[in-house]
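What Swiss-Prot says about this protein:
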- E118: active site, proton donor (ACT_SITE)
- 19-331: domain 'GH18' (DOMAIN)
- N245: N-linked glycosylation site (CARBOHYD)
- 1-18: signal peptide (SIGNAL)
Amino acid sequence: MKTPFTILAALTVATTLADVPDEWDIIELSFGEPTSVDSGEIKFAMCPKTECPNVESEEEFKAAIKAKRAKGKKVLLSIGGQNGQVQLKTTEARDKFVSSVGGIIDKYGLDGLDIDFEGHSLYLDQGDTDFKNPKTSVVVNLIAALKSLKEKYGKAFVLTMAPETFFVQLGYSSYGPSNGNDARAGSYLPVIHAMRDDLTVLQVQNYNSGPIIGLDDQYHNVGTPDFLIAMADMLKAGFPVAKTNNTFPPLREDQIAIGLPSTVSAGNGFVDEKGVQDALNCLMKGESCGTYKPRGGKSPSFRGLMAWSINWDKFSNWGFLNPHRKYLDSFP
């Protein structure tokens with residue numbers, strides 16, 4: 001059975017959940033943040049009334065989550081973001097992460113978790129060169145924590161990840177601190193690889209990124225269909241990490257979504273409606289491709305799109321959601 005096309009998006013608590021259109025399939029509540037960088041304890045709070053006069057009460061919020069889930073939508077807790085650095089350096093922090101995240105999921109009746117670790121949350125120690133057998137504590141402990149949560153909640157647990165390109169596709173040319181490189185380069189790869197059998201969607205942020213080398217060994221820049229195609233194709237085709245003989249295996253096409261800013265103001269790398277749909281046509285049908293030709297073949301079951309964010313799109317009168325929902329729904 002074919003996986004339905006999906007449109008995902010982050011929702012900050014400044015926007016009322018009950019008012020989110022049902023065309024969004026997966027809603028990621030942003031953000032759960034740590035009490036300190038290395039505590040492992042995650043907190044999630046409603047927007048203060050001083051900032052959000054129309055914010056729901058906690059009971060209204062829980063009811064809205066229940067109503068969305070009753071319609072088949074998935075509501076997740078998104079952890080991290082630009083300001084939410086999380087470093088699970090110790091087993092104590094790992095265990096606190098598991099217990100606190102589980103507590104939030106249980107309290108609100110959520111479907112799962114989105115990992116949006118940015119900044120210096122993940123990195124690789126010197127000598128940690130094999131993504132299949134990581135040694136760095138912040139990586140090893142995150143993997144163990146995610147496996148514990150998956151085991152606790154079972155098959156229905158939804159797990160998504162929203163890394164930046166620096167932590168994923170950059171791993172084709174640079175991995176970890178070897179040769180004087182940034183220790184964070186490619187550091188999501190061991191997490192993705194370890195969780196690939198349990199990963200629902202990988203939605204790499206195709207914005208706020210520097211140029212990235214694709215499988216054609218050419219630099220690609222944000223804001224173009226070629227960038228979207230090249231970055232998604234690396235995940236579908238797989239790639240040799242740091243150009244060695246250690247290959248990151250392909251993900252299933254239904255695990256891959258393209259992360260985009262929903263408006264020009266939401267992030268550097270906005271792509272207009274035609275550009276996004278040209279990229280999807282190329283990936284799914286092998287049509288409308290630009291200079292980059294996918295190595296991974298056609299992906300008719302490609303998962304869809306992720307937007308940052310519902311809030312931004314609301315202020316643009318759903319300029320992202322409406323045309324792309326219609327486009328994806330036009331496929332059989």
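Heads up, residue numbers simply count up from 1 along the chain you see.
In case you wondered, yes, glycine gets a Cβ from its N, Cα and C as well.
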N245 (N-linked glycosylation site) and the residue listed as 'active site, proton donor', Cα-Cα, nearest whole angstrom: 28
Three-class DSSP secondary structure - the residue listed as 'N-linked glycosylation site': coil
Model confidence over the domain 'GH18' (19-331), averaged pLDDT: 97
